[in-house]
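To start, the structure itself, in structure tokens.
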Amino acid sequence: MTPKPAGPPDGGWGWVVAAAAFAVNGLSYGLLRSLGLALPDLAEHFERSAQDTAWVSALALAVQQAASPVGSALSTRWGARPVVMVGGVLTSLGLVFSAFARSLLHLYLGLGLLAGSGWALVFAPALGTLSRYFSRRRVLAVGLALTGNGASSLLLAPALQFLLDTFGWRGALLLLGAVTLHLTPCGALLRPLALSGDPLAPPRTPLAALGLGLFKRRAFSVFALGTALIGGGYFVPYVHLGPHALDQGMGGYGAALVVAVAAVGDACARLASGWLADQGWVPLPRLLVVFGSLTGLGVLAMGLVPTVGTEEGWGAPLLAAAGAYGLSAGSYAPLVFGVLPGLVGIGGVVQATGLVMMLMSLGGLLGPPLSGFLRDKTGDFSASFLVCSSFILSGSFIYMGLPRALPSCRPASPPATPPPERGELLPVPQVSLLSAGGTGSIRDTTC
């Protein structure tokens, strides 16, 4: 029998996995972010309110995240490769089914349930597999993969507006169904990797496969609570930034430009944040607090911008606020997944990723419909963005208790080498980076 490697290769095929995760993220969250541009067309076609149509994107987000632990459990049992490939097929079928919808219920089932279930099977296994391939450059690799969100939004926002103008919402969804089928070959690139911290046998029970025992660890529980609160406002701009720009007096392509500006800032910030986190200059929990708070302030700023005088106006204040939001939200995203190996160990990172996505789904299910409800009551999205920013700022405040919850931040040091397959805190080298020269002392990035 071939012995297991001592640790992640920190490169090699890992960069191919990073490229696959990049595409998976772009075809999931990038597409979900751009779908908000189609909501006004759906509301007009079906003669329904903004709150009713917001449930289309909200259900897709909620199902994708709520079912992420199922994707993680299936990946733990059968491997990430087949799970992601099946998820790509389900996502494509959901979009194609939605193109022939005769009512909002059909869209709820097609985009919300079927496509959302497919997205649930692709994201957590892909990102969890990527985390297993890297150690010293883990957050940078995760940040690189998560730039797929911004890069995809940059391309899909104007492309989707063009498709809506040219083919209508039915033709646009049909073509997007063909595009998302590319998730299947991306899954084929996720080569399995055996590590020394892996359990000798797959979990025997469904509860063990879901990794619910991780909530017994105080650090993970604090992190999960803060992340769930942030999810209540984090995804509202994904769904309603485009419609908010339209309400502010900008035309269709002006609204697409606002989404694209946020996407560019998001993509650039994810790489920069990943590089910064891997340097070890600032502990990861403190970075979470800083960039989480800035994200909340960015959403607040978008809710306070004045309206544009004419439809031809470009809305410089909203563009600036969207850029600031994109930079802060993009900086926050890789830290959420980069900190997980330090909280639960490399053996539990796939399960923890799924659980975090499930918790964020609680906010993802609440935020967009609440935003649509407030828009129907007030006439615009200003109040919606103000309320959702309070969720993000509250979650960032919860993160401030994270260092105290980590065993390595208490006066008594933890054991030097706890078994990672039991979901315990990894030794410091697993969550830190060597000095800039590649050698020398290792800096603790946890506290």
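Each Cβ is built from the backbone N, Cα and C atoms, and glycine gets one as well.
Database features, via Swiss-Prot:
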| type | residues | note |
| --- | --- | --- |
| TOPO_DOM | 1-11 | topological domain 'Cytoplasmic' |
| TOPO_DOM | 404-447 | topological domain 'Cytoplasmic' |
| TRANSMEM | 12-32 | transmembrane segment |
| TRANSMEM | 54-74 | transmembrane segment |
| TRANSMEM | 80-100 | transmembrane segment |
| TRANSMEM | 107-127 | transmembrane segment |
| TRANSMEM | 139-159 | transmembrane segment |
| TRANSMEM | 162-182 | transmembrane segment |
| TRANSMEM | 219-239 | transmembrane segment |
| TRANSMEM | 249-269 | transmembrane segment |
| TRANSMEM | 288-308 | transmembrane segment |
| TRANSMEM | 330-350 | transmembrane segment |
| TRANSMEM | 354-374 | transmembrane segment |
| TRANSMEM | 383-403 | transmembrane segment |
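Most Cβ pairs under 8 Å to the transmembrane segment (107-127), among the stretches 80-100, 139-159, 249-269, 330-350, 354-374, belong to 80-100. With Cβ pairs under 8 Å as the measure, the transmembrane segment (249-269) is packed most heavily against 139-159, out of 80-100, 139-159, 354-374. The recorded stretches the transmembrane segment (330-350) and the transmembrane segment (219-239) share 3+ CB pairs below 8 A when only pairs 6 or more apart in sequence are counted, and are therefore in contact. The transmembrane segment (383-403) makes contact with the transmembrane segment (219-239), as judged by at least three Cβ pairs under 8 Å among residues 6 or more apart in sequence.
If one looks beyond the transmembrane segment (288-308) by at least 6 residues along the same chain, the residues whose Cβ comes under 8 Å of a Cβ in the stretch are 226, 230, 233-234, 236-237, 241, 244, 247-250, 254, 273, 314-315, 317-318, 321-322, 324-329, 331-332, 335-336, 339, 381-386, 388-393, 395-396, 399-400, 402.
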